[in-house]
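Asker: OK, TrEMBL features for this one:
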- A:Cys99, A:Cys104, A:Cys139, A:Cys143: [2Fe-2S] cluster binding site (BINDING)
- A:178-203: region 'Disordered' (REGION)
Amino acid sequence: MSVRRLAPPEVQPAEFVFTPENAAWASQQIAKYPEGRQASAVIPLLWRAQAQAGGWLPQRAIEHVAGILGMNYIRVLEIATFYTMFALEPVGRFFVQLCGTTHCMVCGAHDLREALRGFVGPERTVSADGNFSWLEVECLGACCNAPMVQINDDYYEDLTPEILINLLKDLAAGRPVKPGPQQGRHAAEPAGGKLTSLTDPSLYDGSVVGAWRARFAQKD
Amino acid sequence: MPKLIVDGKEIEVPPEYTILQACEAAGAEIPRFCYHERLSIAGNCRMCLVEVQGGPPKPVASCAMGVRDLRPGPNGEPPVVFTKSPMVKKAREGVMEFLLVNHPLDCPICDQGGECDLQDQAMAYGVDSSRFHENKRAVEDKYIGPLVRTSMNRCIHCTRCVRFTNEVAGVGDLGAIGRGEDMEITTYLEHAMGSELQGNVIDLCPVGALTSKPYAFKARPWELIKTESVDVMDAAGSAIRIDTRGREVMRILPVVNEDVNEEWISDKTRFIWDGLKTQRLDRPYVREDGRLRPASWSEAFALIAEKVKATQPSRIGAIAGDLNAVEEIFALRQLMQALGSPNLDCRQDGTQLNPAFGRGSYLFNATIAGVEDADAVLLIGSNPRREAPVLNARIRKRWLAGNLPVAYVGEAMDLTYRAEQLGAGAQTLVDLANGAHGFVEVLRQAQRPLIIIGQGALARADGAAVLAAATRLAVDVGAVGDDWNGLSILHTAAARVGALDVGFFPAGGGLTAQQMAAAGALDVVYLLGADEIEIAPGAFVIYQGSHGDSGAHRADVILPGAAYPEKSGTYLNTEGRVQVADRASFPPGDAREDWAIIRALSDVLGHRLGYDNLGALREALVTEVPHMADRNQIAAGALELPAIAAAIAQMGPAPFASPIVDFYLTNPIARASAVMAECSALARGAVAQAAE
C-alpha cells in the first residue's frame with residue numbers, strides 16, 4: 001500500500017458522463033436500495049465508471065458518480081482511494097496485476113516481475129503502445145496455482161516468465177488466449193496429473209480408524 | 001438499570017450508557033482520543049481499553065461497548081470492570097507506543113504543546129521509550145482553508161474533525177482518503193472548508209495536526225491569562241474564554257455552556273481578535289474644516305457641551321449600536337432623559353419590535369436549549385446559519401435526531417439540514433396565518449412547534465404586521481402556551497434585547513433611529529457604537545465607539561470607547577438570558593470604558609449621573625430593571641397579544657431576506673479584521689463559483 005492520489009491534471013479528461021446504457025444500468029443499481037440509502041450504490045457505479053473510462057477513474061468520473069448519488073465529492077473520493085480495485089491513474093489496454101504475496105513469491109513471482117519490467121517497463125507506467133501497464137498487488141487468492149497474474153478481468157495461473165511474455169504477445173496481437181492455468185492442469189487440481197496424494201491403501205481399508213485415539217491412550 | 005462494579009465500586013447506570021460513561025460515573029478516569037461526548041462513536045484510537053469480567057476475554061474499547069452487552073457472573077453477580085489492572089496498564093502502554101510510532105517528537109515547535117491530549121496522556125499512560133527504529137511516516141500538509149493550519153505528520157487518525165464537519169457542522173467537507181497507515185485527512189482536492197463552525201475542529205483535534213492559522217506560533221498556553229466572557233458577534237451570546245498576554249488578546253476559545261453554545265463557537269467569534277488591534281480609536285478626535293484632528297478629552301467634551309447646550313432637547317437624539325453592554329446603554333438613556341430628549345433608539349436596522357407588545361414579543365421564548373424539545377420548526381425571514389451559527393447547529397442536532405419537519409418563509413438558503421421553502425415573502429405568511437397552507441397542519445399536529453422570526457422579516461416597514469401575522473399563526477397552532485412558548489425572535493445584535501429591556505426606545509413621541517437619521521430631523525446625534533446606520537448630512541454627530549468604521553467617518557466628535565473584551569459588561573442574548581462578561585484586557589491609548597465616558601460627559605453637560613463606579617451603576621440598573629441581577633437566568637416575558645394583533649396591516653410584496661449578507665463582516669470589529677476579510681473573499685468566491 002502506498003499513498004494513492006488522483007492522476008495529474010494533464011492526463012485527466014475534461015469531462016465524464018455515463019453513456020446512456022451505463023446511465024440506465026446505474027439507475028437500476030440505485031433502485032435496489034431503499035429511499036435515502038442511494039449512496040449504497042457507490043461502489044457498483046464507480047466500478048462501471050472505471051470500465052467506461054478505460055480501466056481507471058478520472059476525477060470527473062468521481063464527481064459524476066457523486067452528483068448522481070447526491071454525495072459530497074470527498075465521500076466518493078474516500079471510497080475510490082480506499083479500494084485498490086479502483087485505479088486512479090491511466091492503465092494500459094491490458095492491465096496486469098501481479099500477485100507478489102507469499103505463495104506466488106515462493107513459486108517465482110520475482111521472475112515474473114523482472115519479465116514484466118523487461119517487456120512492459122517500470123511498474124505503474126503505461127507502455128509506449130498503450131497496450132500494457134502492470135502493478136504488483138497483494139494476494140489475489142489463487143495460491144494453489146501460484147504464481148499468477150490478473151489481466152483485466154481474468155486470472156492467468158501457473159506462469160513462468162516465458163509463458164507470461166507469450167501470453168502478453170498474444171494479447172497484444174489479438175490472438176485468442178485461455179484464462180486459467182497455463183500448464184495443462186484443470187483448475188486447482190494437483191500438478192502432475194495425479195488427482196490425489198493420498199495413495200496409501202491403509203487409508204481406505206479401515207485399519208487406521210481409532211489409531212489416533214489408541215496412540216493418545218498409549219501416551220498416558 | 002444495569003449494575004456493574006468499576007474498580008470495586010458498585011454503581012447503577014442507565015442502560016444506554018457505554019462502559020466509558022459508566023466508568024466516568026464511577027469516578028474512574030479513562031484516557032481517550034477519538035471518543036467525544038458530542039460526536040458519534042468511532043472506537044478507532046483504542047486508548048480507552050479496559051478489562052471486563054463478563055465481556056470478551058481481552059481488553060475492551062470502553063467507548064464502543066454498551067453496559068447492556070456485559071454479562072453477569074455465574075451467580076448473577078454484576079459485571080466487573082477494571083480500569084487500573086495490569087492488563088489495562090499494559091494495553092494502554094501498547095496503544096500509546098503504537099500511536100507514537102508515527103507521531104513526530106516535535107512538541108517544542110508544536111502549537112498544541114502544553115495543551116495537547118497526546119502529550120498529557122503519553123505522560124500519564126505511556127512508557128518512556130520506543131522500540132520503533134524505522135523511519136516515521138511523512139504526510140503532506142493540506143490546505144483546508146484560511147483558518148485551520150494543518151501539520152499532518154502529527155495526525156493520529158482519530159477522525160474527530162471528520163465526524164464534526166459531517167455531524168455538527170453538516171457540510172461534509174473533510175474526509176479521510178487512503179487507508180491504514182496512509183490514511184490522510186483532507187478536503188476534496190484541498191478546497192477550503194465551507195462551514196462557519198470550522199474553527200471548532202482546532203479544539204477537537206487531540207494533537208497538533210489542526211491548529212489555528214492566525215494564532216500560529218504566537219503564544220504558549222501557559223503564558224496566557226484566561227478570562228471568561230460573552231461573545232457579542234451574534235445574539236446567541238456564546239460563552240467564550242478570552243486569552244490575553246499582557247494587554248493583547250491572543251485568542252478566543254469556547255467555554256461549555258449547555259444552555260447556549262454547548263461547546264461550539266462560530267468562526268467570527270473565534271477569529272475576530274485580530275480586528276481588535278486594527279482601526280482602533282485610541283484618542284478623541286474633533287472635526288475641523290472637514291477633517292478630523294486628534295484632540296484631548298476636555299476639548300472634545302467642551303465641544304459637545306457647547307453644541308448640546310445650544311440645541312433644543314427635542315433636536316437631540318441617541319442611537320445605540322449592536323455590540324454595547326447594557327451598562328453604557330442604560331447610562332446613555334439616563335443622560336438623554338436628563339437632557340430632556342425623547343429621541344432614543346437601539347434599533348438601527350429598523351426592526352419593528354416594540355416593548356409595548358410585551359417583553360415576550362422580542363425574546364427567543366423557546367430558549368436555545370429548548371430547540372431540542374421542538375417537534376416542528378418554521379423559520380420566518382431568518383437564516384440562522386448566518387445569524388447565529390450555534391443555534392443553527394442546535395436545530396441541526398434536533399433534526400438529526402429525527403422527525404423534525406423544518407420549513408421556512410424567505411429566500412432560498414442552505415441550512416445544512418433539509419428545510420422546505422414555503423414561499424419567499426409576506427403572502428405565504430398570510431396564507432399560513434389564515435390556515436390556508438398545508439404546513440399549518442404540520443404545526444398543529446406538533447406538540448411543541450417552534451416559530452422563529454428573524455430580523456429579515458421584522459426590519460421592514462411592515463415588520464409589525466409581519467409580527468402580528470406570525471403571532472396569530474403561533475397562537476392558532478398552539479405554539480404559545482403555559483408550558484411551551486414557541487414564538488421566538490432571533491436577533492442579530494448582541495445588544496438589542498438588553499437595550500430594549502432598559503428602555504432605550506423612543507417612548508413618548510420620540511423619533512426612531514430611521515427618523516433620526518433622516519436629513520433635517522435632528523441637530524445633534526449621539527451614536528453609541530452605531531455603525532450600521534447612515535446619518536444624513538446636517539446633524540452634528542458624536543460617535544462613541546472602539547473602531548474607525550462608518551460611524552467614526554461621519555462623526556464630528558469621536559469619543560474612543562472600549563471593545564467588548566476591554567470592559568466588564570452585562571449582555572442579554574436573544575433568549576433574554578442575562579450574562580456578565582469580565583474584562584480581559586484594557587482599551588488602547590486614551591480610550592476608556594464606555595459607561596465611564598458617558599458618566600464623565602454627563603458632568604460636563606451639567607447633568608451628573610449618580611454613580612462613580614461600575615458597582616453603583618449596576619445597583620441603579622438593577623433597581624430599575626430587577627431581572628438584570630439574575631445572572632444566567634431568563635426572566636420570562638409577557639406577550640401583549642391584543643397590542644400585537646392591532647398592528648395587523650397590509651404587507652409589502654418584497655421577499656424576506658436575511659439582514660446578514662456577508663456573515664464575516666457584520667460589525668466594526670469584523671470589518672477591521674484581516675482574517676475575516678479573507679474568509680469573506682473566499683466565501684464570495686465560492687458563491688460566485690456556485691452561480692456559474
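Keep in mind that glycine also has a Cβ here, set from the backbone N, Cα and C atoms.
Just so you know, TrEMBL annotations never went through curation; they're auto-generated.
In the displayed structure, how are the listed features positioned relative to their neighbours?
Answerer: Using a 10 Å radius centred on the Cβ of A:Cys139 ([2Fe-2S] cluster binding site) and all shown protein chains, the other Cβ atoms total 13. Under the DSSP three-state reduction, A:Cys139 ([2Fe-2S] cluster binding site) is assigned to coil, being neither helix nor strand.
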Asker: Is there any among the binding-site residues A:Cys99, A:Cys104, A:Cys139, A:Cys143 whose Cβ is under 8 Å from chain B, and which ones, in sequence order?
Answerer: none
Asker: Centre the Cβ atoms of A:Cys99, A:Cys104, A:Cys139, A:Cys143, go out 8 Å, and tell me which other residues of that chain have a Cβ in range of the [2Fe-2S] cluster site.
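Answerer: Leaving out the recorded residues gives A:Gly100, A:Thr101, A:Thr102, A:His103, A:Met105, A:Ala109, A:Glu138, A:Leu140, A:Gly141, A:Ala142, A:Ala146, A:Pro147, A:Met148.
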Asker: Same-chain residues six or more away whose CB lies under 8 A from the CB of A:Cys104 ([2Fe-2S] cluster binding site)?
Answerer: A:Leu98, A:Cys139, A:Cys143, A:Ala146, A:Pro147, A:Met148
Asker: Out of A:Cys99, A:Cys143, which of these binding-site residues shows the lowest number of other CB atoms within 10 Å of its CB?
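Answerer: Result for the binding-site residues A:Cys99, A:Cys143: minimum number of other Cβ atoms within 10 Å at A:Cys143.
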Asker: Tally the residues of the region 'Disordered' (A:178-203) by DSSP class, grouping H, G and I as helix, E and B as strand, and everything else as coil.
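Answerer: Helix, strand, coil within the region 'Disordered' (A:178-203): 3 helix, 2 strand, 21 coil.
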Asker: Going by DSSP, is A:Cys99 ([2Fe-2S] cluster binding site) part of a helix, a strand, or coil?
Answerer: strand
